[in-house]
Amino acid sequence: MELKSMDPVEMPIFGSTLKLMKFWSYLFVHNWRRYVAMTPYIIINCTQYVDIYLSTESLDFIIRNVYLAVLFTNTVVRGVLLCVQRFSYERFINILKSFYIELLQSDDPIINILVKETTRLSVLISRINLLMGCCTCIGFVTYPIFGSERVLPYGMYLPTIDEYKYASPYYEIFFVIQAIMAPMGCCMYIPYTNMVVTFTLFAILMCRVLQHKLRSLEKLKNEQVRGEIIWCIKYQLKLSGFVDSMNALNTHLHLVEFLCFGAMLCVLLFSLIIAQTIAQTVIVIAYMVMIFANSVVLYYVANELYFQSFDIAIAAYESNWMDFDVDTQKTLKFLIMRSQKPLAILVGGTYPMNLKMLQSLLNAIYSFFTLLRRVYG
C-alpha cells in the first residue's frame, strides 16, 4: 500500500531528476518558476542570432556564440516541449511507476537485484550529468575573463543600447544577469537528458526481467510453464507499448538534438584550434566533454535497448523448450517471432538511435570540421 501511494517524484530510479523538474514547474506543478526560468532564455536566444549576424567581435567569440545559440535553442525546445506535453509526460511517468512498483513487489531475488542495479546506474548517470552541467556553467561565466577583449558570457543583441553593452555599468549588470541564468538553464537541459536516460534504462530492465523469466522456465513444473510463457507475452506487449509511448513523446526532439549535436560539436572543434589562451582551450574541452558525454550516454543506452530486446528471443530459445508439449512450444515460438523485431528509440520516427548512427554522425562532423579548418587556414 505504501509503494502504491508513492509520489512519482520520489521514485528512487529517478534520483533528483523529477524533483528538479517539479521545483522549476516543468512537470507536476504549474507556477511562476517556469516563466522565470524560460522567459529570459527565449528572449536571449532570439537576440543571439541577431548578434551573430551583426557581430564585429573576434572569430573565436563569434564561433563560441554560435555554439551557445544552438545550445540555447536546444534548451528552449526541451523546456517548451515539457510545458506543452506536460500531461502526456506525467501519464507516461505514472505508467512507469506502476511497472516499477510491480517489480519492487516481486519475490524473485534476481529481479530485486536487477532493479537495484538499474536504480544505482540511473542515479549515478544523473549525478555525473549534473556535475558536468555545473562545470559547464562555470565555464560559461569564466570563459570571457580569459579573453583579450571585454565580452559577455552569452552573445546578445540589445536594441538602442547595443553599442553600450560593453561599457560600465551596463556590462557588469548584464554579466551578473547572465551568470544567474546559467544554473537555471542547466536545470532545464540536464534533467531532461537524465529523464530520457532513465526511461530507456527502465525499458532495458524490463527486457532483462523477461530474459530472466524465460531462462527460469526449466525450474517450473510442466503445468506452470504455459502460464508463465503467456505472462511473458503479455509483459512483452507492455514493454513494446512502453517503448512506443516513449518514442511518441521524444522522437522529434531526438531529431532536433541530432542536428544540434552535430552543429555544436563541429563548432567546438573549430573553437579548439582558434582558442587564444590555455585557459580558453581547457574550457572549450570541458564544453566538448559535457556535450559529447550527454549524447554518448543517450546513444549507448538506446543501443543497449536495441540489442537487449533481441536477447529476449535468445533467452526463449535457450530454455528447455524441447521438453514442453506441442501447444506450449507453439506459444513459445510465437513469443520468439514477436522478439525478432527489435525495440528501438527512434530519431525523427524513422532511424533507430544506436552507436552505429552515432559513429556515422561523428564521421560527418569530422569531415565538415576538416573542411572548415582548411578554409580558415
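Cβ coordinates come from backbone N, Cα and C, glycine included.
Predicted, not measured: the structure shown is a model, and the values here were computed from it.
What Swiss-Prot says about this protein:
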TOPO_DOM  1-34  topological domain 'Cytoplasmic'
TOPO_DOM  56-65  topological domain 'Extracellular'
TOPO_DOM  87-127  topological domain 'Cytoplasmic'
TOPO_DOM  149-172  topological domain 'Extracellular'
TOPO_DOM  194-254  topological domain 'Cytoplasmic'
TOPO_DOM  276-280  topological domain 'Extracellular'
TOPO_DOM  302-344  topological domain 'Cytoplasmic'
TOPO_DOM  366-377  topological domain 'Extracellular'
TRANSMEM  35-55  transmembrane segment
TRANSMEM  66-86  transmembrane segment
TRANSMEM  128-148  transmembrane segment
TRANSMEM  173-193  transmembrane segment
TRANSMEM  255-275  transmembrane segment
TRANSMEM  281-301  transmembrane segment
TRANSMEM  345-365  transmembrane segment
Can the transmembrane segment (255-275) be said to touch the transmembrane segment (281-301) if we require at least 3 CB pairs below 8 Å and skip pairs under 6 apart in sequence?
yes
Out of 35-55, 128-148, 281-301, 345-365, which stretch touches the transmembrane segment (173-193) the most, going by CB pairs under 8 Å?
128-148
With an 8 Å cut-off on Cβ pairs and a sequence gap of 6 or more, do the transmembrane segment (281-301) and the transmembrane segment (35-55) reach 3 or more such pairs?
no
By a Cβ-Cβ criterion of under 8 Å, what residues six or more beyond either terminus of the topological domain 'Extracellular' (366-377) are in contact with it?
266, 269-270, 273-274
Apart from its near flanks, which chain residues at least 6 from the ends of the topological domain 'Extracellular' (56-65) lie with a Cβ under 8 angstroms of it?
48, 143, 147-149, 151, 154-155, 267, 270-271, 274-276, 280, 284
Any idea what the model's mean pLDDT is for the topological domain 'Extracellular' (56-65)?
74
Taking DSSP states H, G and I as helix and E and B as strand, how many residues of the topological domain 'Extracellular' (149-172) are helix, strand and coil?
6 helix, 0 strand, 18 coil
Same-chain residue ranges lying at least 6 outside the topological domain 'Cytoplasmic' (302-344) that approach it to Cβ under 8 Å:
200, 203-204, 207-208, 210-212, 214-215, 217-218, 222, 225-226, 229-230, 232-233, 236, 239-240, 243, 352-356
Sequence-distant residues near the topological domain 'Cytoplasmic' (87-127) by C-beta distance (under 8 Å, 6 or more away from its ends) are 3-4, 6, 8, 11-18, 27-28, 191, 194, 197-199, 201-202, 204-206, 208-209, 212, 238, 242, 245-246, 248-249, 297
